[in-house]
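Here the structure comes first, spelled out in structure tokens, and everything after it is commentary.
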Amino acid sequence: MNQDTICAIATAQGGAIGSIRVSGPEAITITGRIFTPAKSGKLLSEQKPYTLTFGRIYNGEEMIDEVLVSLFRAPHSYTGEDSTEITCHGSSYILQQVMQLLIKNGCRMAQPGEYTQRAFLNGKMDLSQAEAVADLIASSSAATHRLALSQMRGGFSKELTTLREKLLNFTSMIELELDFSEEDVEFADRSALRRLADEIEEVIARLANSFSVGNVIKNGVPVAIIGETNAGKSTLLNVLLNEDKAIVSDIHGTTRDVIEDTVNIGGITFRFIDTAGIRETSDTIESLGIERTFQKLDQAEIVLWMIDSADAISQLTLLSDKILPRCEHKQLILVFNKVELINETQKNELASQFSEHIGSEIESIFISAKQRLHTDELQQRLVAAAHLPTVTQNDVIVTNVRHYEALTRALDAIHRVQEGLDANISGDFLSQDIRECIFHLSDIAGEVTNDMVLQNIFAHFCIGK
């Protein structure tokens, strides 16, 4: 393990307060070289751990700032190493001066994610918990925050530990039987092993299946805004995002490519996708945009079909022939836009005609994106259509693609064990599949993960974490 002492700014620029983290075998010594306690007369190394000490940072005779230094001794720190945290004023000049002094006295600049990587390598957390730290930092909704917190606190890790213990018990019984194969003694009751395999399979399957919900919670519910040209799709996107993300124009075919962005509505992250308007065109670029429109439609969980209320009937054929067949397993909401251009009688007639033509079970709403009429109600409809479960900090839901892939491979291995037990195959073949299952579960926790995978994971962290 690298024994360098590292330092990094842990706070964003522009705040009133700044924080610098120092970790490694010389963290306390190096910090003590530039820090002078204000009152106690004790050196920093003589201070009690888990305390704050007020004092000053000096560059020779020149005072840089008045600061607070917190002291942590190994192994009782975030990284498991001796650590200090210097809290100073948030001036970028002050922060850079302190960093230069630390580096001059023996620190080196930390790499992205190096603090959390050291915590993992020092056994302070497993790899799934380390990844949860990054998820917690990136959390943008109550649900993503709760899931990241649950995983960081070890909820997922406990499930994995329990599974591995059961699998190790399983394989030990099988291998004990192999050791005494010449004695014709059966140590492992096959029916009991089948019940244990079923129990393990049920837990792994539950965790793997939870990814469909976890992925949506983490990355946002994909909502495709679809419709003919000039139906008001880009205007609606700007209203939902509360910013001018998309260009709005009366010219048909203005949007030629997909525009995506996320926003939190009612505690749920939605990923809105504005698409090119659907129409017959000879323009090659616009045609490619329309192809992408249908690709995004297929990927969406919720589809908003935007309709120009003043020209709605002409869209019935397109809706029936091309849109409805693709939305069989999706939440489709018909959004009649530009409602200010029609009267109440016309509005009722439109609702009746569409209901008669495509069925009354499809949800619809009349809005004016330009005038922001009933857009709040549309947001409420989106929250209801998301159908996401209420998430608590005790829930174990998989949100990480790497974890999902490992669980899928573990599930395949345990399925082979079940099939092998049913076929009464030799214990040595069963043992191979059990060990493969253990391997994939251990990979999630980082017990068998190679260095390249670790570097890729921690490279996505910020410098100060």
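Cβ atoms are placed via backbone N, Cα and C, with glycine included.
Here is what Swiss-Prot says about this protein:
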type: BINDING; residues: ARG21, GLU85, LYS124, LYS465; note: (6S)-5-formyl-5,6,7,8-tetrahydrofolate binding site
type: DOMAIN; residues: 220-387; note: domain 'TrmE-type G'
type: BINDING; residues: 230-235, 249-255, 274-277; note: GTP binding site
type: BINDING; residues: ASN230, SER249, ILE251, THR254; note: K(+) binding site
type: BINDING; residues: SER234, THR255; note: Mg(2+) binding site
Check your understanding: In whole Å, how far is LYS124 ((6S)-5-formyl-5,6,7,8-tetrahydrofolate binding site) from LYS233 (GTP binding site) when you measure between their Cα atoms?
Key -> 49
Exercise for review: Using C-alpha positions only, work out which of the binding-site residues ASN230, SER234, ALA276 is nearest to GLU85 ((6S)-5-formyl-5,6,7,8-tetrahydrofolate binding site).
Suggested key: SER234
Point to revise | Residues that sit under 8 angstroms from LYS124 ((6S)-5-formyl-5,6,7,8-tetrahydrofolate binding site) by C-beta distance, when 6+ apart in the chain | key: PRO75, TYR78, THR79, GLY80
Revision key, fill the gap. With neighbours defined as other CB atoms within 10 A, the best-packed of the binding-site residues ARG21, LYS233 is LYS233
Review point. According to DSSP, does LYS124 ((6S)-5-formyl-5,6,7,8-tetrahydrofolate binding site) fall in a helix, a strand, or coil?
Key: coil
Exercise for review: Provide the number of Cβ atoms within 10 Å of the Cβ of ALA276 (GTP binding site), excluding the reference atom itself.
Suggested key: 27
Check your understanding: Could you state the CA-to-CA distance between SER234 (Mg(2+) binding site) and ARG21 ((6S)-5-formyl-5,6,7,8-tetrahydrofolate binding site) to the nearest Å?
Key -> 45
Revision key, fill the gap. Between the C-alpha atoms of ARG21 ((6S)-5-formyl-5,6,7,8-tetrahydrofolate binding site) and ASN230 (GTP binding site), the distance in angstrom, to the nearest integer, is 53
Point to revise | Secondary structure of ALA276 (GTP binding site) (DSSP, helix/strand/coil) | key: coil
Study note, to complete from the structure: On the domain 'TrmE-type G' (220-387), the mean of the pLDDT values is 81
